[in-house]
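> This is the structure I want to talk about, given as structure tokens.
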Amino acid sequence: MSAPPSALSAPAQNSAAENDFLAPDAGQRPPGPTPSQSRFQVDLVAEAAGAADDKTSSSDATAAASEAPSTDPAVGGEEAKGRFRVVNFADPTGAGSMASPDAAPTEGMQNGDTVMSETSLHSSTGGQHHYHYDTHTNTYYLRTFGHNTIDAVPNIDFYRQTAAPLGEKLIRPTLSELHDELDKEPFEDGFANGDELTPAEEAAAKEAAESKGVVKFGWIKGVLVRCMLNIWGVMLFIRMSWIVGQAGIVLTCVIISMATVVTTITGLSTSAIATNGFVRGGGAYYLISRSLGPEFGGSIGLIFAFANAVAVAMYVVGFAETVVEILVNNDAVMTDQLNDIRIIGTITIIILLGISVAGMEWEAKAQIILLVVLVSAIFNYFIGSFIPIKSKEPAGFFGYDASLMWENMGPDFREETFFSVFAIFFPAATGILAGTNISGDLADPQMAIPKGTLLAILITGIVYLGVAVSAGSCILRDASGNMNDTISSQFMENCSTAACKFGYDFSTCKSQNACRYGLHNDFQVMSLVSGFGPVITAGIFSATLSSALASLVSAPKVFQALCKDNIYPGLQMFAKGYGKNNEPLRGYILTFGIALGFILIAKLNTIAPIISNFFLASYALINFSVFHASLANSPGWRPSFKYYSMWVSLAGAILCCGVMFVINWAAALLTNIIVMALYIYVSHKKPDVNWGSSTQALTYHQALTHTLHLSGVEDHIKNFRPQCLVMTGYPNSRPALLDLVHSFTKNVGLMICGHIRMGYRRPNFKELATDQTRYQRWLLKNETKAFYMPVLAEDLRQGCQYLLQAAGLGRLKPNTLVLGFKNDWRDGDMMNVETYISMIHDAFDFQFGAVILRLKEGLDVSHIQGQDELLSSQEKSSGMKDVIVSIDTSKDSDADSSKPSSKATNKKSPTVPLNVSDQRLLEASQQFQRKQGKGTVDVWWLFDDGGLTLLIPYLLTNKMRWKECKIRVFIGGKINRIDHDRRAMATLLSKFRIDFSDITVLGDINTKPKKEHMAAFEEMIEPYRLKEDDMEQEAAERLKNSEPWRITDNELELYRAKTYRQLRLNELLKEHSSTANLIVMSLPLARKGAVSSALYMAWLEALSKDLPPILLVRGNHQSVLTFYS
């Protein structure tokens, strides 16, 4: 409806008139809403904007309907923002603001300037209301553009996937609402391609909408603290000094730098992915799966969650080892060392589980306390290194000294190599994804992940380098701890070691391998150096427990995100979350069980290699994701973090893979096997998700590149492929035609299922697009490698011409038209026959080959109720309506599915028992889906069309279903030259390298057919004859012009010999090929304009009548076979 002109001319100048216009009349209640009525009201923004109190509520519909917008203080605030504000349902009674959504709008409301409609999309927003505009009289942007429009200005709310927690989801006016005629129903609302939410995202939206008071972390507490705690593991205090002793200061710095390079590149890649759109919970799994797709994401997500669970065990065992060592030193062992580790480890993980289950807030507080302890321990070490104490000298600590530093500068490997030492250190550098793994609990993941991760890598790298240089500069590699190992002044001159400078000689214990102190021998050397030893012990406890706690939280979070996506159906139960933070309690229990199992192993060196390789596999894939996304050149890849390079990321991925094999080649091999096995499983399962991955983008990019490249390549006979335009109508309406053509085009050539839709008073292009998507999905579900291409046309011939001209792309264009035989040609309007035959002529005009399939039972099964249950059941899983399309066409009509009926048959409705003919038709339509067994494919190659008649049966018999069928070749010849003709054909076939079982030369083709067959033919064509000799010439010409399909007497006489040939060939076919699985025969040609369509149709009818499945083939008379190499 249109607003009154006065209202449209100046809606903001007369606020009183506007009030009257918008005010609901309680006394009027129309019988029902019209398409332009609205249940929602949006306030006009007043012209005069002033300072506004934003605290004033804008959700009172009564006030909105009864007060002038200019008097509402909230409106001024909205004006300052250049926005309109949404208010609640307009209350027709004026009684309150919570009117029923189904209440009919008032007369005043339906003429409003500013109205909206409400659509509740429960499936995608957890019940949140979506708003969109549905009238042609709105004036939201009158002052901006100077005229009335409902066209929306850019708004972030149009681009949201969920209604909460970020803001309200709005739906912009659809193209149809802006473009279509006013009396036309608008299209159904929906999401744009690729915006459909997965079940997991729907659940996430619902949870986000319901959750209140959720704890969210900033970049320091959420990412920086976690990453530092995870990276500063037990290695910092227990193994760092030993690594310096083995590799020396220089190579230790190289080792740290190498590890830092790997983690830095991975950090940059993580930052790039994390800033390429909103990041949900799931950490590394979410980043990889949304970048590379569910195959890589699903495989790496599972092992990454498992690796985090095992990492809990590793850190707890490291903690338990330290505690047991203290117990041993104090003679307080409970049973034996191994079992003590198990006991302490079990108690520790139970306490950690309690902290984790208590909630993320408690866990974050615990992490802060542990970080304080850890940083105190590090400072304690550095302070202690500057305070040399005489009592520590026998243990090898002399304070900073240049000669000592120089002695420790080079390597001194003892039963180790550079790479074995690197393998021991590298796990200390992992943990950079600790913050990423709780991405769902971060307030702003896009800002927090890059800043926190990279800063954590920088800080921890500097500390590791500082500890390495410090330890190498003030501690000897070997020391006995014996105060008496001093050196006299007379031997001082012959002593060259750094210890001699300080008056000590540890050469005796070194030669006997009996030294208990020094970098090589004492793992607790940092406690010795530190200002206060127990603080280092506390630091070790803090490092191990914080890493264990971070992993204990990461594993269930990642696993929960994986389960929500339903990639592994059996794990769905772990997707459920509890409480306001959606805590994965079931995941915690599972992680606890896995970790406890590995704690019982109680051997750190056994557990560590598994974890390192799993983490490295994740790092490699994150780096590869960035390279892959950049390579795909997708417009959707535009991270706000710019400091990355696709080639650096590729180098990082290769480095990660190399490091995996350096650390432990057997574990690396096992990791790769597990990843590939999971990848194959997920690929085979084909989860129904669409995340817009770079794999999709690269597939498109490669397809486009190769298609363009192919366009520049000239055709060659050796590379000829039958590329078929098959007039199937709906793909499921002629299964025999679809199956047979697919048999010889699968993995060989292009197949396009053409569908001409006619008879629409108003073409519904939206429905056409919906059908294209729907039936393309049906083809994919049925593993049919074909494209579905519907067109709207006034008649069948015009539609066929459209397809012949426009179908395909570049070299991927059809070259063969495939039709079903028109079995019912004598029952309907003969103009349909004229159209059908014209399609064949058009194919030849476009230099196409032509193929016609005839089954005596017919092809079209669309009229059979219930035949399409498979389609509807498959569509149901994709969220489509559970109906069977019933195609209202005449049975076995030509190859269109002309008018789909408006009825939709529910698949659960009782089906009508099939009659005998329909039962036979249904069985015949499925015959090409079965294995053909030992039979024959009879090729009647009567005319040389370039070889297509021979190529199709060859391609067929190469397929598994037709493998056991033999090719028999039938040719025409003279009786006195039968042997010669047979040898010539055998030579030709052998040169073509086509196997055959028999060649039959037909010498009696030109024999007259039987009289009863001739009489039957005359009777068949009688109704279609013009009989111009029995009428005046002018009347005959007039009739011929109005009914061009009629057969003239002259034409019949002229082509009598050709008529007899078709009848005779039918007799020979029945004689020789009545038991064949398939007959492939040369299609007789009729000269355009000379042979009427009725006569040509009668020839085809007479030729192919009462035979097994017959394929009439005529190529375009260009060679498709060659015997040259």
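Glycine too: its Cβ is placed from the backbone N, Cα and C atoms.
Unlike curated entries, TrEMBL annotations are predicted automatically.
Residues or ranges marked as compositional bias 'Low complexity' in TrEMBL: 1-17, 58-74. Per TrEMBL, the feature compositional bias 'Polar residues' maps to 907-916. Residues or ranges marked as domain 'Amino acid permease N-terminal' in TrEMBL: 134-187. Summarising the annotation, TrEMBL assigns domain 'Amino acid permease/ SLC12A' to 222-725. Look at TrEMBL and you will find 734-1125 tagged as domain 'SLC12A transporter C-terminal'. Annotation comment: TrEMBL describes 1-81, 890-916 as region 'Disordered'. Positions annotated as transmembrane segment by TrEMBL: 250-279, 299-320, 341-360, 366-383, 417-434, 454-476, 525-549, 585-602, 614-632, 652-682.
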> So which of 366-383, 585-602, 652-682 is most in touch with the transmembrane segment (341-360), counting Cβ pairs under 8 Å?
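When the Cβ pairs under 8 Å are tallied, 585-602 comes out ahead.
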> Taking residues 6+ outside the transmembrane segment (417-434), which of them lie with a CB under 8 Å of any CB in it?
223, 226-227, 229-233, 235-236, 239-240, 243, 246-247, 251, 255-256, 258-260, 262-263, 266-267, 270, 283-284, 411, 453, 456-457, 460, 464, 547, 550-551, 554, 608-609, 611-612, 615-616, 618, 659, 662-664
> Look over the recorded stretches 250-279, 299-320, 366-383, 454-476, 652-682 and say which has the most C-beta pairs under 8 A to the transmembrane segment (525-549).
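The stretch with the most contacts is 366-383.
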> Across the domain 'Amino acid permease/ SLC12A' (222-725), what does the pLDDT come to on average, as a whole number?
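That region's mean pLDDT is 84.
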